[in-house]
Amino acid sequence: MWQTDQEEPAQQQKLAESENAAAAAAQNSNNKMSWGTDLWDQFDNLSLHTNRGIDVLDKYANFLRDRVAIETEYAGKLRRLVKNYQPKKKEEEDNEFTSRQAFRNLLKEVGDLAGQREVVSETLQLQIIQGVTLLSKTLREDRKKCLNDGTVLQQTLSAQLSSLERAKRNYDKAYRDSEKAVENHKKADMDFNLSRAEVERYKNIMTSKIQQSDDAKNEYANQLQKTNNLQQQHYGTLLPAVFNRLQELDEKRTRGIREFIIGAADVESSVAPIIARCMEGIVKAGESINEQEDSLKVIERYQSGFQPPADIPFEDLSKMDSSIATQSNYSSVTYNHLTIKGTISGPKFKKPRGGILNSIFGSNKEDFSDLPPNQQRKKLQAKIAELQHKVDQETNTRDGLMKMKIVYEANSSLGNPMTVEGQLNESEHELEKLKNDLKKYQGYLDKANQLQVVNNSPQSNRNQLQNGHRTSRHSNGSASADDHNDGDDQPDDAGSLSSSASPESGLGTSHTSLPGSGQGSANENAMGEETCYETEVELLQPLGTCRALYPFEATSEGSIPMNEGEELQVIENDQGDGWTRVRRANNSNGWDEGFVPTSYIECTLFA
């Protein structure tokens with residue numbers, strides 16, 4: 001009994017010390033916000049809060065996925081829209097008008113807009129969504145581990161509290177048993193009717209119960225000390241560490257949402273300057289429309305070159321015999337019919353399905369003599385420019401093969417020169433064929449220019465008034481069967497045409513001439529064609545200038561290289577194939593012409 005009474009103050013002192021230590025720890029932690037100290041008893045709520053926080057992160061990731069899907073769909077629909085409204089091949093001839101060019105430029109800018117929306121979609125997918133998904137996965141794994149550690153700590157503490165409770169019950173039972181044994185011994189000792197042996201038995205029972213009580217008390221004290229130590233460690237160190245880890249995870253999740261939202265905005269902002277440039281391009285495309293220039297191009301396209309019909313002379317039938325009057329009347333009617341048909345109503349020409357060089361006027365003849373004069377000359381000039389370009393290309397090919405052959409002959413280890421011989425012969429044959437075609441079409445152009453001079457002369461106008469058949473011949477831009485036969489039966493005339501197309505005449509051989517423009521011969525200048533030729537050259541002046549945005553290496557046939565920032569002249573707009581024809585001055589042969597990618601240059605067209 002005395003020992004038991006002495007040990008109780010010691011246990012109470014230990015409990016008081018533990019409480020004071022916990023209070024001191026709590027006081028020290030008041031200066032710093034911490035889940036481990038401030039929320040020491042909110043394990044379940046913290047578990048629920050962190051789970052909801054990660055759910056918010058997943059919800060933001062789903063929002064981004066839906067937005068990426070919208071961006072992708074929007075970009076795809078923009079691209080389909082641009083594709084659906086691209087000029088058809090049969091509309092290529094209308095691309096020379098500024099309104100059509102502006103619309104094509106607008107489509108290009110809208111296509112670039114679609115590209116920027118695709119950039120936003122791809123960047124959000126690769127950078128933001130993947131980052132959010134990875135963060136969410138990491139947080140869930142770390143949270144699960146923290147909660148498992150906290151659960152283990154809670155179970156350990158609960159087990160220790162259960163042990164303490166059992167030890168306390170055992171001590172309480174042993175203490176009551178010892179007190180009862182002491183009471184029984186006292187009664188037995190005072191009872192004189194009991195033998196000495198009976199009293200001694202009660203004494204032994206008392207001693208045993210007192211020993212059991214002391215053991216239970218010591219066990220209770222030990223369990224209490226262990227419980228207090230574990231509880232202090234649990235709430236002071238172990239569980240706060242778990243809660244602080246949960247706090248770090250939650251702050252990491254919150255900080256991640258902030259960074260991802262800002263990052264998504266930065267992705268949008270990064271394409272904003274390019275989108276602004278697209279808007280500027282659209283405005284610039286609208287400002288480039290020139291109604292007067294388009295009107296002049298309509299005149300250039302459809303002008304036939306015919307003279308308006310002259311006044312119909314009065315025919316006094318009383319001064320003619322009946323046969324002459326009938327014939328004259330027939331001639332007049334024929335004249336009126338053909339002239340009006342050739343100038344006002346005109347035959348409806350079928351639009352060609354060919355390339356860029358074909359205009360709205362179709363032709364079934366090699367020399368385009370079935371077209372109006374102006375259109376005939378334009379067709380011939382375009383054909384000559386095309387052939388000249390092919391001649392230049394084939395000449396370069398032949399020269400390259402010749403150099404290769406010379407190298408192979410000088411050093412047979414590099415290759416067999418006979419392997420180049422066949423290609424060289426084929427190139428020579430093709431070059432000769434192209435030169436003959438070029439000379440032929442130059443002759444056609446000389447003849448067309450001569451006919452134009454004759455038709456515009458006063459004598460030609462008088463002949464038209466006097467001869468209805470001759471007027472109809474010239475009004476539809478082609479000669480009659482008799483005139484063709486006359487021209488074919490004159491070899492001297494053909495020879496003069498070939499002579500006028502020779503390199504000495506300067507026709508079709510100078511790199512300084514504009515592509516598609518014809519050059520008259522000396523005979524034509526003598527006949528007054530110089531003024532007409534100057535007019536044609538003026539119509540084929542450069543369309544504007546351009547500046548190279550990026551360097552370009554000429555790797556395909558017909559293209560020319562350019563350096564970044566280089567200024568060039570635009571001589572043919574992009575016809576929908578992504579290439580623009582340009583030229584530059586050089587020190588050797590006057591001009592270099594060729595095609596460059598439209599996306600590599602910034603064009604400024606003349607008003």
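Cβ from N, Cα, C; glycine included.
Residues annotated as region 'Disordered' in TrEMBL: 1-29 (among others).
Look at TrEMBL and you will find 18-29 (among others) tagged as compositional bias 'Low complexity'.
Look at TrEMBL and you will find 33-294 tagged as domain 'F-BAR'.
Per DSSP, the domain 'REM-1' (370-447) is made up of 68 helix, 0 strand, 10 coil. Per TrEMBL, domain 'REM-1' is recorded for 370-447.
Per TrEMBL, the feature coiled coil maps to 424-451. Summarised as a single figure, the pLDDT of the coiled coil (424-451) averages 86.
The compositional bias 'Polar residues' annotation in TrEMBL covers 455-479 (among others).
As annotated by TrEMBL, region 'Disordered' applies to 455-527 (among others).
Summarising the annotation, TrEMBL assigns compositional bias 'Low complexity' to 493-507 (among others).
Among the features that TrEMBL reports, compositional bias 'Polar residues' is placed at 508-524 (among others).
Annotation source TrEMBL lists domain 'SH3' at 541-606.
Each residue of the domain 'SH3' (541-606) gets a DSSP state, and the totals for helix, strand and coil are 3 helix, 33 strand, 30 coil.
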